[in-house]
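Taken straight from Swiss-Prot:
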- ARG55, THR56, ARG106, HIS135, GLN138, LEU268, PRO269: carbamoyl phosphate binding site (BINDING)
- LYS85, ARG168, ARG230: L-aspartate binding site (BINDING)
Amino acid sequence: MRNSLYKKNIISINDLQRNELELVLNKSAMLKRTPQPNLLKNKVIASCFFEASTRTRLSFETAIYRLGASIVGFSDGNNISLEKKGETLTDTISVISSYVDAIIIRHPQEGSARLAAEFSNKKPIFNAGDGANQHPTQTLLDLFTIQETQNRLTQLNIAIVGDLKYGRTVHSLTQALAKFKHNKFYFISPDALKMPNYINNMLDKKEIYWKRHNNIEEIISEIDILYMTRIQKERLDSTEYANAKSKFVLRAAILKNARNNMKILHPLPRIDEIDRDVDYTPYAWYFKQAANGIYARQAILSLVLIEKHL
């Protein structure tokens, strides 16, 4: 197959065309069915987490080890010498790029991954999250999970709940699903955490249906995917947070009118926004979603680092 992802930076989901997304999803399914433990043998990949992470970092590292590659790097940028010495991000990336075949980066500054790509000496950059901006590999595993559970990425009704203003996962997911035809979006959030206008304007420009709703109950019988996110306490004043915490919680009783095919996703960590009782329903899919991150990240790593694939 033609591999247009070879040596490509994975900075934003917007950098990937629909056919490239489909290429990653097909490769993800292939690797889930048939492991390829030596696919990236002799490759060395840097894992540079300037911001703390558990799931994303461990998922990437597991993907790397299962492909036979080696990994170097750090998991807490605040405790490494380059931060204490005041070295710039660009200098750090320039040096690290001379050691490795690719760099995974998470950084609190928006735009940091694209900046890193300018100084990586043509070594591919994988964005593992840059501030509130983008988280493309989370989106790839989300798409893989949606396709796996719904057998399609078109003609879906998707409800997205929680922090839609600062949540980079929901921005990337909406942009990705907008590449596929006839999807509809239902946005549910506190007024202070509404989806940014640039996302709404993008949907309007593409003539894609979207609407704000006040609660999950209003739309539970209409949706195929319920994508929950946590509301961060520091984003709201105490009164707003108390109201949001009670209003935007998914309880098992709400699911009585759900479609049989409906699945609940969450980028994790889950705090209070999904009751533990929901875990035992057939709709709960967030832990299987997290497990799919290994296959999606294996797929994108291998497609970027190896030109020819069967």
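Each Cβ is built from the backbone N, Cα and C atoms, and glycine gets one as well.
In sequence order, SER53, THR54, SER59, ALA128, GLY129, THR169, PRO267 are the same-chain residues whose CB sits within 8 A of the CB centroid of ARG55, THR56, ARG106, HIS135, GLN138, LEU268, PRO269, the residues recorded for carbamoyl phosphate being left out. In the three-state DSSP classification, ARG55 (carbamoyl phosphate binding site) falls within a helix. Across the structure, ARG106 (carbamoyl phosphate binding site) and ARG168 (L-aspartate binding site) place their CA atoms 13 angstrom apart. The binding-site residues in question are ARG106, ARG168, and the one with the fewest Cβ neighbours inside 10 Å is ARG168. Of all the binding-site residues given, namely ARG55, HIS135, ARG230, the one with the smallest number of surrounding CB atoms inside 10 A is ARG55.
Proximity to ARG168 (L-aspartate binding site), defined by a C-alpha to C-alpha distance within 10 angstroms, is shown by the following binding-site residues from ARG55, THR56, HIS135, LEU268, PRO269: HIS135. In the three-state DSSP assignment, the secondary structure recorded for LEU268 (carbamoyl phosphate binding site) is coil. DSSP assigns GLN138 (carbamoyl phosphate binding site) to a helix in the three-state reduction. There are 8 other Cβ atoms within 10 Å of the Cβ belonging to PRO269 (carbamoyl phosphate binding site). When the alpha carbons of PRO269 (carbamoyl phosphate binding site) and ARG230 (L-aspartate binding site) are compared, the span between them is 8 angstrom. ARG230 (L-aspartate binding site) falls within neither a helix nor a strand when secondary structure is assigned with DSSP, and so counts as coil.
Secondary structure at ARG106 (carbamoyl phosphate binding site), taken from DSSP and collapsed to helix, strand or coil, is strand. Taking only the Cα positions, the spacing between ARG55 (carbamoyl phosphate binding site) and ARG230 (L-aspartate binding site) is 15 angstrom. Residues ARG55, THR56, ARG106, HIS135, GLN138, LEU268, PRO269 are the ones the record ties to carbamoyl phosphate, and the longest Cα gap between any two of them is 17 Å. Across the structure, ARG230 (L-aspartate binding site) and THR56 (carbamoyl phosphate binding site) place their CA atoms 17 angstrom apart.
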